[in-house]
Amino acid sequence: MSLASGPSSKLLLFSLGMGLVSGSKCPNKCVCQDQEVACIDLHLTEYPADIPLNTRRLYLNNNKITSLPALQLGFLSDLVYLDCQNNRIREVMDYTFIGIFRLIYLDLSSNNLTSISPFSFSVLTNLVRLNISHNPHLLYLDKYVFANTTSLRYLDLRNTGLHIIDHNGFHHLVVLQTLYLSGNPWICNCSFLDFTIHLLVSHMDHPDAQNATCTEPAELKGWPITKVGNPLQYMCITHLDQQDYIFLLLIGFCIFAAGTVAAWLTGVCAVLYQNALRTSSGDDTEDETGSRFANQIFRSNTHLGPIRRFPELI
């Protein structure tokens with residue numbers, strides 16, 4: 001009897017088939033056990049292949065990975081924990097995590113992130129902890145980045161290149177409890193006022209509040225951003241500097257000068273118009289007087305009767 005027809009061979013084929021379906025193969029040099037895959041300190045430059053499809057916890061930290069492929073990640077529909085810290089990931093594209101909507105924990109800290117697309121986290125409605133700290137080239141966060149992460153409770157933004165942030169981006173984070181903001185070059189100008197007010201009224205925990213300070217302007221350098229609300233409000237809403245008064249004075253003078261010139265031009269135009277009217281009426285009067293004089297002569301001749309003719313000599 002051949003191996004292909006025996007019961008043991010059928011069992012082997014069935015086991016192999018189940019293995020392919022469940023994706024039980026483990027990536028080279030990684031450690032796989034109990035739905036957990038650890039590919040740590042392996043100097044990987046790419047996302048590893050052959051990750052089991054039933055993986056729930058994936059550790060890719062301390063490698064040289066430059067990007068996260070949405071297609072391969074999308075097969076891990078049961079993934080709840082993803083650690084990618086200390087890699088070389090440069091950007092997170094729209095819908096990178098579209099297939100792992102059950103994700104609860106995401107760590108992208110200590111990478112080379114320069115941008116995060118507005119819809120990068122759009123499907124991560126179950127995300128509870130997000131760490132994107134220590135990305136010094138990350139200068140900007142779109143206000144829609146956190147629009148759908150409504151379950152987020154922990155957010156770490158330490159030591160990035162962020163210097164300004166839109167307070168509207170935090171309106172959807174209604175359950176956010178802990179926010180780290182230190183180590184960023186915050187520019188505390190009037191555009192920053194709304195965010196400082198949000199920090200005060202949201203009652204979030206800021207464990208590093210004393211180290212989250214302003215770098216500009218000079219008069220607010222070193223101020224904790226959680227305490228800079230009142231000085232900013234004074235500077236931006238109720239306070240006028242000497243330069244502001246000079247500017248207002250110049251505006252007032254320009255308005256006065258423009259009004260004076262406009263009034264003078266109006267007066268000149270009115271005088272010229274009146275003179276033109278008078279000249280026109282004078283000409284009309286002379287024409288009317290001449291007409292009357294001619295009519296009087298004609299009438300006087302009419303009263304004298306018919307004009308006598310001299311007798312004809314021949």
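Here the Cβ of each residue, glycine as well, is placed from N, Cα and C on the backbone.
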Whichever of Cys214, Cys236 is disulfide-bonded to Cys188 when Swiss-Prot is consulted: Cys214
Assigned conformation of Cys26 (disulfide bond) - DSSP reduced to three states: coil
Of the recorded positions listed as Cys26, Cys30, Asn112, Asn148, the one whose CA lies nearest the CA of Asn131 (N-linked glycosylation site): Asn112
Assigned element (helix, strand, coil) containing Cys214 (disulfide bond), judged by DSSP: strand
Cys32 (disulfide bond): nearby disulfide-bonded residues from Cys39, Cys188, Cys214, Cα cut-off 10 Å: Cys39
Site with most surrounding Cβ atoms, counting all protein chains shown within 10 Å, from the disulfide-bonded residues Cys26, Cys188: Cys188
Residue from Cys26, Cys30, Asn112, Asn148 whose C-alpha is spatially nearest that of Cys188 (disulfide bond), among the recorded positions: Asn112
Between Asn189 (N-linked glycosylation site) and Cys214 (disulfide bond), the C-alpha gap once rounded to whole angstrom: 9
